[in-house]
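Enquirer: As annotated in TrEMBL:
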type	residues	note
TRANSMEM	12-36	transmembrane segment
TRANSMEM	42-65	transmembrane segment
TRANSMEM	103-124	transmembrane segment
TRANSMEM	136-157	transmembrane segment
TRANSMEM	169-192	transmembrane segment
TRANSMEM	223-244	transmembrane segment
TRANSMEM	338-362	transmembrane segment
TRANSMEM	368-385	transmembrane segment
TRANSMEM	397-417	transmembrane segment
Amino acid sequence: MLDIKGADASKVILVVGIMTLHSFGEGSGVGVSFVGSKGLSQGLLVTIAIAVHNIPEGLAVSMVLSSRGVSPQKAMLWSIITSLPQPIVAVPAFLCADAFQKVLPFCTGFAAGCMIWIVIAEVLPDAFKEATPSQVASAGTLAVAFMETLSTVLQGFTDGHGLEDTSGFLVSLVFGLGPLFGGIILVAFSLAFNMPHPLLTGVASGIAFRLASWRPLQLVMSLKMGFFTTLFLLLGGSVFYHLVEASILMVAKHKKSSVNVITSSSGLSLSVLTQQSLLACGCVFLHAYAEGLALGVAARKASGLGRYMVLPVSLHGLPRGAAVASCVYGATDSWRGALAAAALTGLAGPSAAIGAILAKIGYDGLDYWMVIACGALIPSFGRVFRHSLRLDARKSVCGLLIGFGFAWVCLMSTRFICLHTPYCNSAPEAVT
């Protein structure tokens, strides 16, 4: 099978076959969940849960195949094939819910027994051949912890949480995609047009300065916060950034091995620009987390399962991902690192929003934290931009204007689209 022979081929057939069998049970679960008075909301929630659950299942199939020399393209194809029974079985399960509901426990129980057997008899022995027992135990423990955490979060939305929480959950997940798309757009343009490092750093700084001024200006102009209060909080954010920077350098016990290189006591060397860029990305992460808390409070009021929020929420995350990606790419010249940083930044918003939904926190006080986060953005990217100016002032200023304009277009588009949807009429504090 797939050019694999002998015992390895048998293991591949076992894994692929059992995962495919397991998909029949999951497909039945999806179909049956859409039946009843709460069919739509319950069905969507179960579908999301199984879709997220399919990620580690696909990884399991791909890893087994890849470790035996199968190409990534074929491994990906077979991961998709093992999940094909889900949509195929879901339709007849919905139409014949009573019959499938009686068989469903037996199907899922049988598939679970097969999975346990194949892990103990096939997967773990292979792992011990390639890794030490402590490595296998650590990987297994982390995997179980991840699945239990995922299960707990999803269970929380099925027990005692209504349509509003489901809507907020969906909007929160979409909120995490914006930064990743922004990073992809930035990296694609950089590779296509061979953008120089000073220009990239200028773009990151322009976006960051626009993000830092957006919410404080809104609050002052709408008279929701006084001018001196806003200024004080911005200064507090700036002080916080400087304290964190000083603490990190003190813990690292750094020494300058040259004018532009810092070497820690452990021997790790970083350029000054890279160190400043990483700190700046941390400030963007903090800003995204603060916005995620606000979104989590407002998203529960979203009407119609958040379908109105997909475009504006994604647009709102684009400049943040572009800022992080351009900052990292300009400092390290690694497009993979830039995309990873954008994806990591995308996790901040959803994690904060989902936490706010589960904790049912209110909106009081969140604006203060948002302004503090904005205050941390200004000095962090100010240092990055000053360093960029020394490299090439003209390209840095040009990048600053491009970044500022890009962020302005994205944020204004978000506001324009959002204010014409039922969502923002029910949760105006999210955008006004």
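Backbone N, Cα and C atoms are what each Cβ position is placed from, and that goes for glycine too.
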Enquirer: Are the transmembrane segment (103-124) and the transmembrane segment (12-36) close enough to be called in contact, which here means at least 3 C-beta pairs under 8 A that are separated by 6 or more residues?
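Expert: Result for the transmembrane segment (103-124) with the transmembrane segment (12-36) is yes.
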Enquirer: Quick one: find which recorded stretch in 12-36, 223-244, 368-385 has the most Cβ pairs under 8 Å with the transmembrane segment (42-65).
Expert: 12-36
Enquirer: In the same chain, which residue numbers or ranges, 6 or more beyond the ends of the transmembrane segment (12-36), come under 8 angstroms Cβ to Cβ?
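Expert: For the transmembrane segment (12-36), the sequence-distant neighbours (Cβ-Cβ under 8 Å, at least 6 residues beyond its ends) are 1-2, 4, 42-43, 45-47, 50, 53-54, 57, 60-61, 64-65, 68, 78, 81-95, 97, 100-101, 103-104, 107-108, 110-112, 114-115, 118, 122-123.
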